[in-house]
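Data block below; observations after.
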Amino acid sequence: MNSDLIRQNLVQVFGSKIGIGQADPKSQDHRLMPAEQAAVANAVPKRVGEFAAGRAAARAALCELGLPNVAIPTAPDRSPIWPEGFSGSISHTDTACLAVVTKAQTYRAIGLDIEPYEPLPTEIWDIVLTDAEFDMVKLLPKNLAGIRAKKIFCIKEAAYKAQYPISKILFDFHTLHVRLQENNFVAEFRRTVPPFQIGDTVQGGVFKQDGHIISAAFVPNP
């Protein structure tokens, strides 16, 4: 993927005080640190490769912020344990892996999701989309509707990942309602997810690049 364009797009969302890393999930060259190995001790090789690529991308992102060569272990809930004072997010597809990191003083938390630029299967629209989102998507031409649904899916994934370090609560897709204007979005809570209240929002941006949809979300500091 074009690293310059990725940086340009992510800086538009987060500002310049971020670290960005990329890695190839198909590469066999990524090595895990001892503190990271337990998370994939029983995983199949494909999963180990994806996990190692994610950690390599995250280390590259942290290095840009002056913290080179650190382990990123996994919490019991399988989320990354970032170094003290940092917030980050990792995402991958079969062909691409991205990580973005920021210092905690810049954002309370951030989230990143990358998905193939393909329509969302219609059989899961009702799982992903709220009634209002569903009605909006149905108004679009058929060739655009599936992609818009996929963008909403990608946005909700990124927004969920941004809020999770704060709430530590799992929830379904209908908990968030997405308002999308060009490349910017607001994901609004439709129910209370402490400390988030109904009407609270996660904001961010979404863009297409190199056959992927990439969404980036943030929760600002109070």
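Sequential numbering from 1, following the chain as shown.
Backbone N, Cα and C define each Cβ position, glycine as well.
These figures come from a predicted structure and were not determined experimentally.
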Can you match one of Asp24, Asp29, Asp113, Asp135 to the CoA site that TrEMBL gives for Arg47, Arg55, Ser91, His92, Glu157, Lys161?
Asp113
When a 10 Å sphere is centred on the Cβ of Arg47 (CoA binding site), how many other Cβ atoms does it contain?
13
Measuring Cα to Cα, how far is Glu115 (Mg(2+) binding site) from His92 (CoA binding site) in Å?
8
Glu115 (Mg(2+) binding site) - helix vs strand vs coil (DSSP):
strand
Summarise the model's confidence over the domain '4'-phosphopantetheinyl transferase N-terminal' (35-102) as a mean pLDDT value.
95
Just to be sure I understand the packing, how many Cβ atoms besides its own are within 10 Å of the Cβ of Ser91 (CoA binding site)?
24
According to DSSP, folded down to helix, strand and coil, what is Arg55 (CoA binding site)?
helix
